[in-house]
Amino acid sequence: MRSHYCTDLSSNDIGKKVQLCGWVNSYRDHGGVIFIDLRDRTGIIQLVCDPKDSKSAHEIGSKVRDEYVLKATGTIRARGEGLINPKLKTGEIEVIVDELYIENESAALPFVIGDPNVGEDIRLKYRFLDLRNTESFDKFKLRSKASIACRNALDRLGFLEVETPILTRATPEGARDYLVPSRVYPGSFYALPQSPQLFKQLLMCAGFDKYFQIARCFRDEDLRADRQPEFTQIDVEMSFCTQEDVIKVGEEILKDIFYACGHDIITPFRRMEYKDAMETYGNDKPDLRFDLPMVDVIDIFAKSNNEIFSTPAQNIKKNRAKAIKVPGGDNIFSKRQMQRFEEFVRKFGAKGLAFIQVKEDGLKGPLVKFFEQEQIDELIKRCELKVGDVVFFGIGDKKTVLDYMGRFRAFLANELGIIDENKLEFLWVVNFPMFEQNDDGSYSAMHHPFTMPNNPDEEDLEDITSIAYDVVLNGVELGGGSIRIHKNDIQQKVFKLLKIDEAEQREKFGFLLDALSFGAPPHGGFAIGLDRLIMLVTKSASIRDVIAFPKTQRASCPMTKAPSNVSNEQLRELGLRLKGKETK
């Protein structure tokens, strides 16, 4: 039906006969001549319906309204002097229409296409209209390019694309499973996969050597700006590899993906130990586009003459004292800002926010009187303080201090406006703890229980590290992976450390333990969140902007009204009955 997309045309095509299809973006009648902005997925071009050129086209053009679907045939001509629109890619040309056909009409719109002020609920209810603009199309075009680049890179490296089951069994992977009742086996349930983790390990046991999949995954968890109940990840696994081998593949894939998206990134990426990331930046996914590191000052606080500071500083295993210096901050921050800073950290468990200002005549602030000159001199030296600086302090429980000071670091960077939004700072965080302690004192796997520990014979679980690695971009975790356990005895030992007894091991993971018993090769891999990656590349405010039909933050779809009720007959077929609720 069409000869060109709208923005395929330029001044080089003047005099060419074309046939275009699209939607009416806007229309206007100027002195009997009708001008229509025709929009397709690439952009906009101006149609001119002049009765001098075609009475029939002018007559039909007088009937069009916003979002009518048109087919237009005409000739490209240059716009007149002073009529060029520099805001349009096709702003130097227009189409003199000799034939116009209305393919379809449109009802009154619930909102103006492309209006940034429309609420998200109404946008998602009419998602098919919300997507009907070039900005949205460009994001999905970029997503498509990224997927193609990923597949091409992995194919070049010898990986096989293999699809793994969507209907599987429930396994503990950190979040709640979505369950699907079985009609054939009443009372039994499938689970939608949180990841293809176990299946890709089984493919390594099968000798496939190199696997990948752009996989759909499902997690029934509380949602945030960068989370969805169903999401897509680039899933990779390889045999006979080391951590270095896997990281090299990950970097090569990311380099190709970002090149396809218009960015030439430098490899290899920086590396940082998990412990260093936590102690210096307060989290395991630091944003390295700005500085503001945390400095350890617990030994200085241990010598304070105030027990509020000295007592917690005596226990360096459980507590922390951290300082963040802001160069020139004393000349930047107002009293009101300083109050806001304290209000901010209190939201995350801080009891307050101590600070010291560096003046011409020395250090000032409520903390100074609690230290001798020797400690003051050490603070100046360690924090590299200069006149005009301000340094903030956090002291107390290790987990709490690292959390709120890490958050405060990012908050300060935003307040100071020092984050370069066009910068891409990649980082590998390595050597994660194998286990983390829960609020009830029990332990769980930090990544998952199939990760190879570095030192499985260590008695203290908190001292066991794993061969695990995360890739971080601008303070956001893009993905991660690990070298896997490939020996049955080590896997059983890890299960035992997690208080999973032999009966439960056989019940939930018998197929994996069997596979590890028949000559499983050393293997490892990683997964990268494709949705999150595209969100960052396109600078979208939410992951929902780069998913064609996303769920809301309450895991619902306003457009299809999912999740929905089902009939009693459907429930009976599945052997189910809802407590206290009957449906028709």
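Glycine too: its Cβ is placed from the backbone N, Cα and C atoms.
For the recorded site, HIS30 (site 'Important for tRNA non-discrimination'), the DSSP three-state label reads strand. Residues or ranges marked as site 'Important for tRNA non-discrimination' by Swiss-Prot on the basis of sequence analysis: HIS30 (among others).
In the three-state DSSP scheme, GLY82 (site 'Important for tRNA non-discrimination') is classed as coil. Over all protein chains present, the Cβ of GLY82 (site 'Important for tRNA non-discrimination') has 5 other Cβ atoms lying within 10 Å. Sequence annotations record features per position, and here Swiss-Prot assigns site 'Important for tRNA non-discrimination' to GLY82 (among others).
Annotated L-aspartate binding site per Swiss-Prot: GLU173, ARG219, HIS447, ARG484, in sequence order, evidence recorded as sequence analysis. Annotation note: ARG219 (L-aspartate binding site) sits in a coil segment as assigned by DSSP. In sequence order, ALA175, ARG176, ASP177, TYR178, GLN194, ARG227, PRO229, PHE231 make up the list of same-chain residues 6 or more apart from ARG219 (L-aspartate binding site) whose Cβ falls under 8 Å from its Cβ.
What Swiss-Prot lists as region 'Aspartate' is 197-200. Only residues 6 or more beyond the boundaries of the region 'Aspartate' (197-200), in the same chain, are considered here, and those with a CB under 8 A from a CB of the stretch are 164-165, 168, 171, 173, 211, 213, 235, 237, 448, 450, 509, 511-512, 525.
Residues or ranges marked as ATP binding site by Swiss-Prot: ARG219, ASP220, GLU221, GLN228, GLU477, GLY529, LEU530, ASP531, ARG532.
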Integer Cα-Cα distance in angstrom, GLU477 (ATP binding site) to HIS447 (L-aspartate binding site): 13
Nearest of the recorded positions (GLY82, GLU221, LEU530, ARG532) to HIS447 (L-aspartate binding site) - Cα to Cα: GLU221
Composition by DSSP (helix, strand, coil) of residues within the region 'Aspartate' (197-200): 4 helix, 0 strand, 0 coil
Neighbourhood of LEU530 (ATP binding site), C-beta criterion under 8 angstroms, separation at least six: ARG143, ALA146, SER147, CYS150, ILE214, PHE231, THR232, GLN233, ILE234
GLU477 (ATP binding site) CB neighbourhood, other CB atoms within 10 A: 17
Between ARG484 (L-aspartate binding site) and ARG532 (ATP binding site): CA-CA distance (Å): 25
Inter-residue C-alpha distance, ARG484 (L-aspartate binding site) and GLU221 (ATP binding site) (nearest angstrom): 25
PLDDT averaged over every residue in the region 'Aspartate' (197-200): 97
